[in-house]
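For reference, the structure is listed below as C-alpha cells.
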Amino acid sequence: MAIKSMADQQNDGAPEPLKGAGDTGEAHQKERFTRRLTQDAGPRSMRPMRIATFNINGVKARLPRLQEWLADDPADLVCLQEIKSVDDNFPRAAFEDAGWHVATHGQKGFNGVAMLSRRPLDDVMTGLPGDDTDTQARYMEATLGGVRVASIYLPNGNPVGTEKFDYKLAWMRRLTARAKELLATERPVVLSGDFNVIPAPEDAHDPAAWADDALYQPESRAAFRALVHLGFTDAIRLVQPHGPAYTFWDYQRGAWQQDHGIRIDHHLLSPQAADRFVDARVDRAPRGQEKASDHTPVIVTLADG
DNA sequence: ATGGTGGTATCACCA
C-alpha cells in the first residue's frame, strides 16, 4: 500500500472516512482510529497493530503513571527500556491483572528491557547476539501478529573517549549485524527503543550543547545511518519529515518546561513493515506528569497484514 | 545542578 498519497498530503483538514495517515491533527487522528476500531468488526488479527516504545527510567518508580497510561489503551505492544529491575522483581502481576502478557529481560540496578502485549508473544529472544561476554540487559525480540519486534536500549556511551564509548559503537555494530539477519527473513520487522543517538541537528533543540556528547558524535550518528541504510525507515519521519519531534527532556535546568529536548527514541521499520505504515506519533502527555520518566512514548501503527 | 537504584555512606553509579 502507498505510505501516504498525494491526495492525503494536500487534504487541508476535512476528515474523510477511513483515510490513511493524511491529517495530522490530534482530534482527527483519534476520530479516525476510533472509527476504525468500531467499524472494522473483523477478527482481532485484522486490526491495525500499534507498537509503543517507552524508556520508563525505573519500572517501580513509574508504576502508577505507567498503569494509568496503559489503561487508556495506547498500544497493542509496549516496548519498555530501563526497567532497572531483575526479572523476579518486575511487577508482572500489576500488568497481567490488567490483561497484558509480560516478557522481561532485566538485570540488577540498571538497564533492562521488557515487552507488554495484549496478545501472547511468540519466540521471545533475550540478549543481543554477537558477544557472549556481554551481560548487560539491553535487547530482546518477540513476534506478534507476524511482526518481529525488538525492544532496544542502546548504550549511552558517555563519556566519549572511554571504554563506554567503545562499547556503544561495538554494540551498534552487533545490532547492525542482527538487523541484517532480520531483514534477510523478508518479514515485517520493527526495531523499537531508546537508541541513544540524536540522528540529525534538527533532532536537538540546541545541537551545539551536545557536541561533546556520545549521543551526537559523528561516529554514533554514522553508525545509526549505517543501520538505517540497510533498508529501514525512521517511522516518525514518514509523518513529520522535518523539525523537532523530541522524545527526551533532561530533568535538569527546566528542559521540559522550555522544550529543550532531543529525539533519541525511534521505530525503525523494515520494508515489509513500512509497507504497512499507517501512523506514528510522539505522545508527549506522560512527560508532563508528576514523577515522570525523562523520556516519553513514541507509537507507530501498522495496518493489518 | 535532577532522578532511580542499590548498598549501607555521610554515597556511588548510571543516565
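Using the three backbone atoms N, Cα and C, a Cβ is placed for every residue, glycine included.
Taken from TrEMBL as is:
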| type | residues | note |
| --- | --- | --- |
| REGION | A:1-46 | region 'Disordered' |
| COMPBIAS | A:25-38 | compositional bias 'Basic and acidic residues' |
| DOMAIN | A:52-295 | domain 'Endonuclease/exonuclease/phosphatase' |
| BINDING | A:ASN55, A:GLU82, A:ASP194, A:ASN196, A:ASP294, A:HIS295 | Mg(2+) binding site |
| ACT_SITE | A:ASP194 | active site, proton donor/acceptor |
| SITE | A:ASN196 | site 'Transition state stabilizer' |
| SITE | A:ASP265 | site 'Important for catalytic activity' |
| SITE | A:HIS295 | site 'Interaction with DNA substrate' |
| ACT_SITE | A:HIS295 | active site, proton acceptor |
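Apart from the site residues A:ASN55, A:GLU82, A:ASP194, A:ASN196, A:ASP294, A:HIS295, the chain places the Cβ of A:ASN57, A:GLN81, A:TYR153, A:PHE248, A:ILE264, A:ASP265, A:SER293 no farther than 8 Å from the centroid of the site's Cβ atoms, the recorded Mg(2+) location.
Shown in sequence order, A:LEU154, A:PRO155, A:ASN156, A:GLY157, A:LYS168, A:ALA214, A:LEU215, A:SER220, A:ILE264 are the residues of the chain, 6+ apart in sequence, with a C-beta less than 8 angstroms from the C-beta of A:ASN196 (Mg(2+) binding site). For A:ASP194 (Mg(2+) binding site), the same-chain residues that are 6 or more apart in sequence and have a Cβ closer than 8 Å to its Cβ are A:THR53, A:ASN55, A:GLN81, A:GLU82, A:ILE152, A:TYR153, A:LEU154, A:PHE248, A:ILE264, A:ASP265, A:HIS295. In sequence order, A:ASN55, A:ASN57, A:PHE248, A:TRP249, A:ASP250, A:TYR251, A:ARG287 are the residues near A:ASP294 (Mg(2+) binding site), counting only same-chain partners six or more apart with C-beta under 8 A. Under the DSSP three-state reduction, A:ASN196 (Mg(2+) binding site) is assigned to coil, being neither helix nor strand. Classification of A:ASP294 (Mg(2+) binding site) by DSSP places it in coil, neither helical nor stranded. Within 10 Å of the C-beta atom of A:HIS295 (Mg(2+) binding site) sit 23 other C-beta atoms, taking all shown protein chains into account. Its Cβ placed at the centre, A:ASN55 (Mg(2+) binding site) has 25 other Cβ atoms within 10 Å. Considering only the recorded positions A:GLU82, A:ASP265, the Cβ with the fewest other Cβ atoms within 10 Å is that of A:GLU82.
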